[in-house]
Amino acid sequence: MMGAGVLALPNAMVYLTWGPGILMLILSWIITLFTLWQMVEMHEAVPGRRFDRYHELGQEAFGPKLGLWIVVPMQLVVEVGVDIVYMVTAGKSLQHAYSITCGDHCQLQDSIVFWIFLFAIVQLVLAQLPNFNSIAAISLAAAIMSISYSTIAWAIPAHYGHTLPGNIELLQPVSYDFPPFKPVQLVQAGGSAVQKAPEDLSTADRWFGAFTALGTIAFAYAGHNVVLEIQSTLPSTPHEPSKIAMWRGVKFAYGVVAIGYFPVALIGYWAYGNQVTDDIITFVSRPTWLVVIANLMVVVHVIGSYQIYAMPVYDMLESTLVGHLRFNPSMLLRLVTRSLYVSFTMFVAMTFPFFAALLGFFGGFAFSPTTYFLPSIMWLMIYRPSPMSWSWITNWAVIVFGVVLMFVSTIGGFRSLMTEAANFHFYT
């Protein structure tokens, strides 16, 4: 349930500030827990039948054809978007771990493209594993790593307070006002505390930064796309349906999410105010040994998580090629199809290696529909509560919130992508 998006939550607070930031964190936690409960309940909404895939539930709600057209494209964008973000996340973490340990003569210190390529090679190998069961050990390691690096992400600022480790000075005293300039990395590649001039922010920059921050938070609260697949593995009887055990698991997972997300967001923002960048782990940079470990934990996490989101895409591609285009199922087909997918996500990540902007864009464009409001729409279509009943009012309130979030965060994330790309030297 915990993802690499947690590392950007302090930076989201920079643009939202204390009041709106805390409110959005709490609202998102409550709303996504509510919609996740709806998914768990709807898994067996029809007696004697289990909806094991998100699109199957969509077909029950919207009809066989329309349900596919509504749900499948959204799921595909989510899965591909997460894999692109994880490519960038791994590249950034590998680059930072290398740069703060190799000294001032790092030949690869400015080349995130190389590190994304290195991560892609690992994924090309893992992509040939046949199914979810074959990556179970990697998935377990990924889950442990996510909890570990999230703890490090708030423990360092909690320990050092308003100063960066290593006697590195902030650009100005800690402030929680709207940021006057774009947060910059204070420890540069090679490990030296060389400060580059910050870029002043206009009023429009701050507003669009806030919109992007909303998408960043939406991206962090994302687990709905696989919840039905997980629930399908649980036994279910008339006396003890699967939703009972599943809901216990969901409550535990969301407790872990709260323990992980809130301290990272609030302590990171408290310690560094409006100067913290889009990745709290790379911002602190000291103690070197601990930050290197944390960055490698991030890499291990996204190695496993990449394949979790990629497996449904592999299945979709191979099913289409075999079922509709009459390709013969073979090792060669798997090798070519999966390698092309990994290469595609690698190419997009190399083209747009902008962590915060990607989180904001995909958080709004992809995760807001599938996580915030699509479950409530399906609930209304399947159960049809009476107009103006509490269920009807609650679901419509959630839908309106999710739709607004989708539009504003997508706009903010897209603008951030274009702004970052304007001054970026591609593929260097």
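One is the number of the first residue shown, and numbering goes on along the chain from there.
In case you wondered, yes, glycine gets a Cβ from its N, Cα and C as well.
Automated prediction, rather than curation, is the source of TrEMBL annotations.
Look at TrEMBL and you will find 1-413 tagged as domain 'Amino acid transporter transmembrane'.
Counting only same-chain residues 6+ beyond the ends of the transmembrane segment (12-37), those with a CB under 8 A from a CB of the stretch are 176-179, 183, 206, 209-210, 212-214, 216-218, 220-221, 223-224, 227, 247, 250, 254, 257-258, 261-262, 265-266, 268-269, 273-276, 371-373, 375-376, 394, 398, 401-402. Look at TrEMBL and you will find 12-37 (among others) tagged as transmembrane segment.
The transmembrane segment annotation in TrEMBL covers 66-91 (among others).
Residues 87-88, 90-92, 94-95, 98, 135, 138, 299, 302-303, 306-307, 310, 314, 334-335, 338-339, 341-343, 345-346, 349-350, 353, 427-428 of the same chain lie 6 or more positions beyond the ends of the transmembrane segment (112-129) yet place their CB under 8 Å from a CB of it. Summarising the annotation, TrEMBL assigns transmembrane segment to 112-129 (among others).
The transmembrane segment annotation in TrEMBL covers 135-156 (among others).
According to TrEMBL, the transmembrane segment annotation covers 252-272 (among others).
The transmembrane segment annotation in TrEMBL covers 288-309 (among others). Nonlocal intrachain contacts for the transmembrane segment (288-309), taken as residues 6+ away from its ends with a CB within less than 8 angstroms of a stretch CB, comprise 3-4, 7, 78-79, 82-83, 86-87, 89-90, 93-94, 96-97, 100-101, 119, 122-123, 126-127, 129, 132, 135, 138-139, 141-143, 145-146, 148-149, 152-153, 156, 191, 225-226, 281-282.
Residues annotated as transmembrane segment in TrEMBL: 340-368 (among others).
Marked as transmembrane segment by TrEMBL: 388-408 (among others).
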Worksheet item: What stretch in 66-91, 135-156, 252-272, 388-408 has the biggest tally of Cβ pairs under 8 Å against the transmembrane segment (340-368)?
Response: 66-91
Worksheet entry | Non-local residues, at least 6 beyond the ends, that sit with Cβ under 8 Å of the transmembrane segment (66-91) | 3-5, 7, 54-55, 57-60, 112-113, 115-116, 118-120, 219, 222, 225, 298-299, 302-303, 305-306, 309-310, 312-313, 316, 345-346, 348-349, 352-355, 358-359, 362, 365-367, 369-370, 374
